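S.K.: Structure in structure tokens, see below.
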Amino acid sequence: MAAAAAEFRGQARLPRFAAPRRYELRLRPDLAACVFSGEASVAVDVSAPTRFLVLNAADLAVDRASIRFQGLAPAEVSVFEEDEILVLEFAGELPLGEGVLAMRFNGTLNDQMRGFYRSKYEYKGETKNMAVTQFESVDARRCFPCWDEPSFKAKFKLTLEVPSELVALSNMPIVNEKIAGPIKTVEYEESPVMSTYLVAIVVGLFDYIEGVTSEGNKVRVYTQVGKSNQGKFALDVGVKSLNLYKEFFDTPYPLPKLDMVAIPDFTNGAMENYGLVTYREIYLLFDEQSSSASTKQNVAITVAHELAHQWFGNLVTMEWWTHLWLNEGFATWMSYLAVDSFFPEWNIWTQFLDSTTSALKLDSLAESHPIEVEIHHASEIDSIFDSISYDKGASVIRMLQSYLGAERFQKALASYIKKYAYSNAKTEDLWAVLEEVSGEPVKNLMTTWTKKQGYPVIGVKLKGHDVELEQDQFLLDGSSDSGMWIVPITLGCNSHDMQKRFLLKHKFSDIKGINSQYDDQDRQNSGNFWIKLNIDETGFYRVKYDDELTTALRNALQMKKLSLMDKIGIVEDAHALSIAGKQTLSSLLHLLYACRDEDDFSVLSHINSVTSSVAKISIDATPELAGEIKQLFIKLLLPTAEKLGWDPKNSESHLDAMLRPVLLVGLVQLGHDKTISEGVRRFQIFFDDRNTSLPPDTRKAAYLSVMHNVSSTNRSGYDALLKIYRESTEVEERLNVLGILSSCQDKDIVLESLNFIFTDEVRNQDAYLVLRSVIIDARETAWSWLKENWDRITKTFAASAILSDYVKSIVTLFTSKEKEAEISQFFATRTKPGFKRALKQSLENVRISARWVDGIRGEAELAQTVHDLLIKL
């Protein structure tokens, strides 16, 4: 019989001859012993003749003697660990229709932040455990046997047996609670149909604060005891988000309550469990006195993102992980829409270009993937929770909304939510609704954007009074691919408002007479004539202008004739084109010089990112010029940094508060002596007397300044930072310290910092910050450490997302083909499915950097360009 059961091995998905309709679960977590036990009673609908029931189970001990279906014991029970399936084979065919499957099981409350796991916290000086679930993507099977795929939606009725002094939360409100000595039994209301990955449980000691929506839904934020005040901002954003989404989707929030809980140990930023959203503490808690402006904004964006999922993802769920972007792309886009409504002064849609830039960078790799990516095994799923599913997904949604118009787009989304509520949908289902409501050929337009990897670069050439456009796939390795997309083109001529809009459906297109009103003399006059494609960067593509148009745009930028978004697009496109060898670094430096008077947060953030990239590559590409290039960038950033200063002003804007640390950290990383000295001075005053103020927005710059001077023989600053880390109870403060610990050249200090992540003092989810802070001068030290400790790393940090971060952080510091070959050889026998994609992408980035180094070395005019611009500044 086992041979027959084996036919279900190696399948991407479970067979559909039986499906769950209702789960009744009773779970007993033992927080002291870190184990749990449970019983499941599942109403199963058998829809086709079979003698098998096939479901998922992993890391569970299922009591085989307890298994019954309609009173029948299976003749054979097979567990296939690699496939994470449990196959029950019965002696004869099962009766068609609904029957009940019952079983008992037990497992471990693991420390891997997945499935049913334990998280540590401090209470009255004692370390305690809380029990937490994290089931997305495929880890509900680690808590109870189930049909662990999004399309197997069912109702859930949960009962928990927990220590009587603890708070026990689940998706639904409590309907009954009985205390019997040290144990209480908590029974929850039955849920509407939902996917297994959205089931949630949290058990621990908590305080909470409460609000209520316009519909009367209770919203609570749960925190560690004594921290409830830090949940007020998230609560306010949460209530406002539910109210806004109810109106936007024309559909009420589907559940009676919503709880949001801060979890100390948490792999992801947050998880949108239906009615019980869990967060890493840094993404839910905000303290007016000790939190930075960036933390405040991150909390708002994260809360708005997770609550958008209550409609896009929970009420309407993707049919399979291939359509993950329907969850994550829309939640990302909706979060910006919500935050823009709540805080218009944050100019959040301009900041959205951070997401677009991240997606464009990843999607210009040959090792990227389409938005809709085929999933053949559960181990592949986690690797697509990346910038493609989130940021490219959100960016193409923004592009489509721009093309259809906001009103039609909103109406279509509301129709989509209503049509597929309490069920599942594929990407094609969304396109069909959008076509029906808008009357536009949405599927034809969007299919290449979701099913095809990559995106185009649009070449723009001026031919007399006409403009010629040509599209090719853009790849950072400089190779060409004649990929074709239907591209929504927006074009401005001499004005942001003078736009042409059309679809580029072919490789080539001509725009006739666009500049016929300008004679040759006008065109030669600086700033009199310019053309900008992709107005406000609503399209997901890059643009390469010919030399004449490049010069004209540079002049327009210098004369402040472009919108903030257009400035960002021009700078980011030029940076990418330089890396790909399609434009010179000299051309990019001239463009950055044209931005010398810029003072906007978003634009300067992108400029700072580009200058950091160029400064790093110059160390390998042109070491004799690296110092001068840094001085050039210091001169570019310094005027605005000096105007802002180190101390916040009472009346300053949120964006100025965000800009200050960007510039100060940038100047420290570029080695600006005056900024470093001031950072060290302020740190010393703060360290000597903690009652002195070191504003949260400037702490990272001060800490980084201290690390600049640290060495094995001068480690007082390093020890002071570790003391702050150990004494602080504020999450943001501890993360600030971790994020700079490896930022020095001294080999011994770097190794001490890297080994620090193996101690109990660093939570697993935070360890990547130490690796990310390694500087180029210490990359060989870090690489040797990674090789020597790889087995320990994979054992300690099993989550594939964490391993991916480790690999990317260190591998991408290198810029030679020889190093790429060495790294590739090391990992040849050490890959795991969960981080294989991240490794391939990291190695590709090394090859791209090596090619960029070669290109820069071949630029004869670069030294003269740097000298000339230094004199001008």
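Quick reminder: no glycine exception, Cβ is built from N, Cα and C everywhere.
Residues or ranges marked as region 'Required for membrane association' by Swiss-Prot: 96-203. Taken from Swiss-Prot, the feature substrate binding site covers Glu136, Gly269, Ala270, Met271, Glu272, Asn273. According to Swiss-Prot, the feature Zn(2+) binding site maps to His305, His309, Glu328. The feature active site, proton acceptor is assigned by Swiss-Prot to Glu306, with sequence analysis given as support. The annotation site 'Transition state stabilizer' is assigned in Swiss-Prot to Tyr390 on the grounds of similarity to another entry.
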S.K.: Check the Cα-Cα distances from Glu328 (Zn(2+) binding site) to the recorded positions Glu136, Gly269, Glu272, Tyr390 and tell me which is shortest.
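M.R.: If we rank Glu136, Gly269, Glu272, Tyr390 by Cα distance to Glu328 (Zn(2+) binding site), first place goes to Tyr390.
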S.K.: Whose Cβ lies within 8 Å of the mean position of the Cβ atoms of Glu136, Gly269, Ala270, Met271, Glu272, Asn273, the substrate site, other than those residues?
M.R.: Gln134, Asn268, Val277, Thr278, Tyr279, Glu306, His309
S.K.: Which of the recorded positions listed here (His305, Glu306, Tyr390) have a Cα atom within 10 Å of the Cα of Asn273 (substrate binding site)?
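M.R.: So the list is Glu306.
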S.K.: Could you check what DSSP calls His309 (Zn(2+) binding site) once collapsed to helix, strand or coil?
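M.R.: The three-state answer is coil.
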S.K.: With every protein chain in view, how many other Cβ atoms are within 10 Å of the Cβ of Glu328 (Zn(2+) binding site)?
M.R.: 25
S.K.: Cα-Cα separation of Glu136 (substrate binding site) and the residue listed as 'active site, proton acceptor', in Å?
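M.R.: Answer for this pair: 13 Å between alpha carbons.
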S.K.: What's the CA-CA gap between Met271 (substrate binding site) and Tyr390 (site 'Transition state stabilizer') in angstrom, rounded?
M.R.: 14
S.K.: Looking only at Glu136, Gly269, Ala270, Met271, Glu272, Asn273, the residues listed as binding substrate, what is the longest Cα to Cα distance in Å?
M.R.: 13
S.K.: So of all those recorded positions, Gly269, Ala270, Glu272, Tyr390, which one's Cα sits nearest to Glu306 (active site, proton acceptor)?
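M.R.: Answer for the nearest of the recorded positions: Glu272.
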S.K.: Say you check the Cα of His309 (Zn(2+) binding site) against those of the recorded positions Gly269, Glu272, Tyr390; which is nearest?
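M.R.: Result: the closest of the recorded positions to His309 (Zn(2+) binding site) is Glu272.
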S.K.: In whole Å, how far is Tyr390 (site 'Transition state stabilizer') from Ala270 (substrate binding site) when you measure between their Cα atoms?
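M.R.: Spelling it out, the Cα of Ala270 (substrate binding site) and the Cα of Tyr390 (site 'Transition state stabilizer') are 14 Å apart.
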S.K.: Just name the most isolated of the binding-site residues Gly269, Ala270, Glu272, going by other Cβ atoms within 10 Å of its Cβ.
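M.R.: Sparsest of the binding-site residues Gly269, Ala270, Glu272 by Cβ contacts within 10 Å: Gly269.
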